[in-house]
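Comments concern the structure below.
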Amino acid sequence: MASTLDLDKGCTVEELLRGCIEAFDDSGKVRDPQLVRMFLMMHPWYIPSSQLASKLLHFYQQSRKDNSNSLQVKTCHLVRYWVSAFPAEFDLNPELAEQIKELKALLDQEGNRRHSSLIDIESVPTYKWKRQVTQRNPVEQKKRKMSLLFDHLEPMELAEHLTYLEYRSFCKILFQDYHSFVTHGCTVDNPVLERFISLFNSVSQWVQLMILSKPTATQRALVITHFVHVAEKLLQLQNFNTLMAVVGGLSHSSISRLKETHSHVSPDTIKLWEGLTELVTATGNYSNYRRRLAACVGFRFPILGVHLKDLVALQLALPDWLDPGRTRLNGAKMRQLFSILEELAMVTSLRPPVQANPDLLSLLTVSLDQYQTEDELYQLSLQREPRSKSSPTSPTSCTPPPRPPVLEEWTSVAKPKLDQALVAEHIEKMVESVFRNFDVDGDGHISQEEFQIIRGNFPYLSAFGDLDQNQDGCISREEMISYFLRSSSVLGGRMGFVHNLQESNSLRPVACRHCKALILGIYKQGLKCRACGVNCHKQCKDRLSVECRRRAQSVSLEGSAPSPSPTHTHHRAFSFSLPRPGRRSSRPPEIREEEVQTVEDGVFDIHL
């Protein structure tokens, strides 16, 4: 039966199920494993798993009436294959697991021990960790002591730990998450996929933040060089997803406009940067990336955004069913969907060739939560290098890779709300790591000198006095934990940027930064931050997501007044751009900073 199925012409679910049963022989050997795996993986696209289990039970009962012992045993072999190949589906779906238990109980009641022994539902391990947005898995401690300072980390060390973080997050994504995203076109009620996209965007933003935290062009150029080599190591690890995140951060408008900084980057680094950028550019539907991925052997981490885009394109181009009655499924579409999802599923079957340091993982996790808005990053970029019509005198003729074509926006989601208890536990472990590695004299406190070292990893950490609550000249574990709990994005702040709100009067209507509605009246109906000037309703105070930034003027060399950043009119939390491919000898086009970008270039776009 399996050999007679013509998927291109379409078939019913029953025909496909019968074909999968017939794909087994009486001993359990599969003659067409690809068909069986494809149907068992893809069936939730068309019918619920509980309905498939009911159909299997019906097939078994019908074969018993027909005295077809061969069909009975083949049905049991298919159930066994289903449980062993997709165990998470049974652990996370109690209704489905109960149906299989009922089938096994029926076999036992009939005294058919041989068939019953083929179905083992009790030994399915737990997969509840896959549904937890925040989860610390045990990791192996490296033998040698590793520095937690960003400036001291080797590119391979940083690449390995970024790979581990993203791989751990990726392993929690299930088929149902992909199906939900493609069906809804967004990540509504999809916290696991939201979290992965959030982590991807955090890496890109962290790259920008680390570059912009340096006060001089030479220092910023060194950080750029460091991240280019991190991207090179990510390619060696065949981690294309994080590679794209790092390259996206390096190519973002807040970084690409830093002409003086780029003039200090060496020609060899620029050449390497261009090559890495060309690898992940969207040109030719990511043809360079696809060729490189196809040639990979062993562990590989594909760019999730590219493959999600492929899934969405298929969903829009081809129908799931070939008839109005929804009885004949589109086998050609199912085969194409399966090829994409199987590539993604293969990632979890191969562990990355890295060993992770728990202290560094904790530090990186918290560092990546230092969220900034588009406006804030661009304003900081303007402070580092104010606008100027004339180009700086360059020690070299090197230029950064040119800006890219606009990439389509295709996802916009809210940052998942993490479990507060889990975040508190994670912060405590991170603080313990900080004290273990930065408390040089071992007195159980962080001095001002030690605090300055820590700020290398947290560029926009609040002042020493803000953490030193009792003003005794040093920071205790409890004070640091208290600070991070207050400023954690989960608890309302943003890593030290908590608003100093007070009641305010306004003679004219002003807009609430949270709900965008006007604050009307001259009485104290609103709140205003004394530091950054943000306004909000009293009832919006606890939901205000924008971080506090002290107001700073950005004045061009010509003395013109500051102007809004290019992203001001398009409120999006993060999207990144990729440089446009071109000849290396050509100069990049001038970026007109005064123009407003109506759509920021990006693959992932997520409101954090």
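The backbone N, Cα and C atoms fix where each Cβ goes, and this holds for glycine too.
Among the candidates Ser412, Ser433, Ser575, the residue that Swiss-Prot annotates as phosphoserine is Ser575. Feature annotation (Swiss-Prot): of 141-191, 243-293, 447-497, 498-548, the stretch labelled zinc finger is 498-548. Residues belonging to the domain 'N-terminal Ras-GEF' (4-126) score a mean pLDDT of 86 in the model. Spatially, by CA atoms, the binding-site residues Asp468, Cys474, Glu479 include one closest to Asp441 (Ca(2+) 1 binding site), and that is Cys474. When the binding-site residues Asp439, Asp443, His445, Glu450 are ranked by how far their Cα is from the Cα of Asp468 (Ca(2+) 2 binding site), His445 comes first.
The Cα of Asn470 (Ca(2+) 2 binding site) lies closest to that of His445, out of the recorded positions Ser116, Ser117, Asp439, His445, Glu450. The secondary structure of Ser117 (phosphoserine), as reduced to three states from DSSP, is coil rather than helix or strand. The recorded positions shown are Ser116, Ser117, Asp472, Cys474, Glu479; of these, the one with its CA atom nearest the CA of Asp439 (Ca(2+) 1 binding site) is Cys474. Here the C-alpha separation of Cys474 (Ca(2+) 2 binding site) and His445 (Ca(2+) 1 binding site) works out to 6 Å. Asp443 (Ca(2+) 1 binding site) sits 15 Å from Glu479 (Ca(2+) 2 binding site), taking the Cα positions as reference.
In the structure as shown, the Cβ atom of Glu450 (Ca(2+) 1 binding site) sits within 10 Å of 18 other Cβ atoms.
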